[in-house]
Amino acid sequence: MGAGEYNPLENAQEQFDGVAEIIGLDEATRQLLREPMREYHFLIPVKMDDGSTQVFKGFRVQHNDAKGPAKGGIRFHPEETADTVRALAMWMTWKCAVVDIPLGGGKGGIICDPRNLSENEQERLCRGWVRAVAKDVGPFVDVPAPDVMSSAKHMLWMLDEYETIHGGRYPGFITGKPVGMGGSLGRTEATGYGAIYTLREALKEENVDPATTSASFQGFGNVAQYAARLYLELGGKVIAVSSWDHADKKAYTFRNANGIDIEKLIEATDTFGSVDKDKARELGCEILDENAWLEQDVDILIPSALENQITAKNVDKISSQVKFIVEGANGPTTPDADVAIKERGIFMIPDFLANAGGVTCSYFEQVQSNTNYFWEKDEVLEKLDTKMTAAFKAVYELSKRNNLYMRDAAYVISINRVAQAVKMRGWA
Ligand code: NAD
């Protein structure tokens, strides 16, 4: 889904093959890491409210669990494909490895549109998914989480089904639970804040004062809103954000060259991250077309909406002023556009490093759930900062030492860590 002309699995394998070559990975390890180790495909029969039965297709892919239990979300989408789930599982392996948390990579999905299902039908679907894989997932095997169109509510139904089958309380089976029911404080902030922790370190290394910088965001949902808030705290100025307009079925860019009042813009935004045009105008924003966010004369671009947004077709529109790109979204840059960005010498903080704050906080949730002891929010955010800063520094140092593009350096670190775990276990 959302892949357009790009097959996400082929992309993921191409990136892997390139790095396997750079680090001279042996053939057996290459074979083990370029595909998922295990995958489950199953049918989920669901009794619908009208008495009929509808059969849904479900997946769980465990790409690699040499470093620890597989970890990754469950996506609900009508156009979900096995290749998308495989690619995302592989990216989860690299994401967990780059922040050095003891987890592997997994991903799941159900081909469905939850917007067309009643609450009861959604609950039966969630319980059906767990029944199909209950023996193959668990706190020490594979730990799911929410993802596209799945939420905390779905996670609790899934947890309840898992606990019913296994006869006990296993809150560490799943993450993304509501706070008070095993969820972690700080999860809402984690991805956006994590991205800005890495940006703060990049600016420091490059001797740039954040207070002299400006930024433009694509998207204004969970990731972008918290990233924008923290970026403002560093002293930066947000010139533009874009968002999807449900009524007009298109996206717009909202620009205020003097800097957007982010708190007020958040108040003018609905829970899906869509900005109200009239209220944005009242805040002094001009309303521009959907691509304008990319074309601004700013120092930093923070794509935080969707995959495949910076492409060969629009990469030339990036202003010569742009010096940093922080990929809040997963896969916002296509491989051909990435080559152009690399050639221009723009400092890239790649997605699986920049947005790893989410999974890092999910790991903290799992730790807290397994020990049944929950931390204060400050403690969570402090630990998050420590992990993200350490991850950034390791990637940055390698990129400087070996003259590597940041994305390649991040891959080298991740793949080396997983390859080492594979070898130490005697798998290759
Ligand atoms: P969200 O649903 O809260 O927000 C998405 C935003 O993108 C909304 O503001 C929406 O209006 C906007 N948008 C949608 N289509 C657009 C378009 N064509 N042009 C401009 N804006 C558009 O989602 P989120 O949780 O903020 O996630 C954003 C991205 O970050 C996704 O790629 C997601 O996979 C990735 N990500 C999120 C997390 C997390 O913890 N939330 C973690 C890792 C990665």
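Each Cβ is built from the backbone N, Cα and C atoms, and glycine gets one as well.
Going through K95, K387, K393 against TrEMBL, the one listed in the substrate site together with K71, S362 turns out to be K95. A simple way to gauge crowding: the CB of K95 (substrate binding site) has 27 other CB atoms within 10 angstroms, across all the protein chains here.
The recorded positions shown are K107, D147, T191, N222; of these, the one with its CA atom nearest the CA of K71 (substrate binding site) is K107.
According to its DSSP assignment, S362 (substrate binding site) is helical. DSSP gives D147 (site 'Important for catalysis') a coil state; it is part of no helix or strand. The least crowded of the binding-site residues T191, N222, S362, judged by other CB atoms within 10 A of its own CB, is N222.
Distance noted between the C-alpha atoms of K95 (substrate binding site) and T191 (NAD(+) binding site) is 13 Å.
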